[in-house]
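According to Swiss-Prot:
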type	residues	note
MOD_RES	10	phosphoserine
MOD_RES	19	phosphoserine
MOTIF	20-23	motif 'Endocytosis signal'
MOD_RES	21	phosphothreonine
MOD_RES	24	phosphoserine
MOTIF	61-64	motif 'Stop-transfer sequence'
CARBOHYD	107	O-linked glycosylation site
CARBOHYD	260	N-linked glycosylation site
CARBOHYD	326	N-linked glycosylation site
CARBOHYD	731	N-linked glycosylation site
CARBOHYD	736	N-linked glycosylation site
């Protein structure tokens, strides 16, 4: 049998006889002995061949070359089969692990609460394996079409939730309602944090406005207002009254009568209360009255009270630059943005009483009420008494998060103000309704629709927004180090629907390109046309106002931000008043539900686009235009700069380095391997640095919290440098050359630093600055 088997194998392998060596496994382990045995076997075979030759047998020597080919072929086939099996098993394990990791956002919270795994699997239907951008847009649009925003807005304006002034019981009740709602929506996590902040409220003694006769001493009480202005100086002042239109800097400059030592009365609108008061104080006024004229605010009720604040900044003004946590103990300090003069709101009816004792018609260019007068006569003065007091309150910020599947430590923040001095239907209820419904829809898309955002989505409900974005600012101050290079965009939902005619945007230049794409995708719910109507829309983007919660994100933290609204050419008249109710809102905006859906679609597409794509949709090249525009403006003063023995060469160089850095980053992105997560993350990290590095590192966050050189406030900003340089031509005695030298040098180095940060690692920085 053995001979037959050997004969068969010999035939199979080309007729070559096979030889083998007898040796034990125990000896083979020793290594060298096995070689000896193999050599002996070969010698044995050789001896057999010699003996056969000696015996005269005619035998043909086998061809070993063919055998080697066959052995090699078998080995290759075996290696291929083994490799295939290993790869297949490894792939199965990876798929199993990935399916375990890529659970829907709500799974974590469900397991924490003790839900059985079988229930979880049964609850979530099978989702598509991959969704394209068009699929996501369609899914979002379909879910929005079935959403009744008006019912949510109406619910938020029920008696149980208003009035909800910051720190009140109703504000706290709404906070916990929102937190519980986030949990019901099965977000990855819902939580809140609390801050203890100082706000100003009306004291036990009423504020008052009276007319005093200069000769007779006669006193006539005009009003003890229900409304007030938070953070006013508590004081009593008396003087003549001068009308200063809207209270802008230009309005004060154009007045024929000086306001030094006088009270001023100004119209609401155009700029914030805080800016009006700051301008009045800079022109040495001793007090400010603010009223709503009928021309700009066509409200029938002339007695309506209204509210605002006078802090030229955001956050708790008594912990500037610091978080207002209960366990922090800072030395007594206060913001430089607090006014040093009293300020008070008065009704239109009582403003007209004051005009009855004033002289001179207001200029027709003001386009205000016919009752308007310029200044009190010599026989009368006005006395203003403000008795507001400080009060420490506890506020809650509420959060929910949908964790990302690829980069959970990078997140977009979507927020809305929750509190309101009055009912706050337009001011806070619309934004809060958008926040809740977007959280519901996006969570549902993750749980059931197969949407797997690469990055996290944080939903935030802020308190004390009416006092100057206090809740949002305190959160930024408390977690600034944690948010750095993690929070990459803030989307503000406050006052998103105030009308139907216009779509207005305030945003960081990094978001311009993305906003334009979204505007082209979203149609106006009334006209049916795209929101993108004007190719020149970027030049119409409005700067963030101080009372916009997005402002501290951009100017204080260096986080790109966007705020938008559907509105009219005129201001919404009921903001900050007791008439900001649901009934007035639906009367002003009959298509409220459709407009809210459009606002939610804009915000939803922004969120999805920022979390869906591998590359962050932040167009860093837009800042090239901003820097170039600034350089051109400065270049107009070359002669003045040369007279000071300076030149702009280093500024030109910094601008060139920034341009080259953006070009290099664009090239790196185009050449990057999209499937390499490490490379893509490195590119995204470089993009995230851009906005942050426009925060001037040369000023104190405590003294100048809004450090952004483009969008901040203070002497370090580009606008301040240009304004100061103009003084050299207009009023050289007011020009400070030492200050200007510092401004120019620090601006140049800030731009250079942004260029270096964009370049990446230090060995990639290639400049000759």
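Each Cβ is built from the backbone N, Cα and C atoms, and glycine gets one as well.
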Note = Rounded Cα distance in angstrom between residue 731 (N-linked glycosylation site) and residue 260 (N-linked glycosylation site) is 20
Ask   = Between residue 260 (N-linked glycosylation site) and residue 736 (N-linked glycosylation site), what is the CA-CA distance rounded to a whole number of Å?
value = 25
Request  = For the motif 'Endocytosis signal' (20-23), provide the mean pLDDT of the predicted model.
outcome  = 40
Ask   = Of all the glycosylation sites given, 731, 736, which residue's CB has the most CB neighbours within 10 A?
value = 736
Note = residue 260 (N-linked glycosylation site) -> DSSP, reduced to three states, gives coil
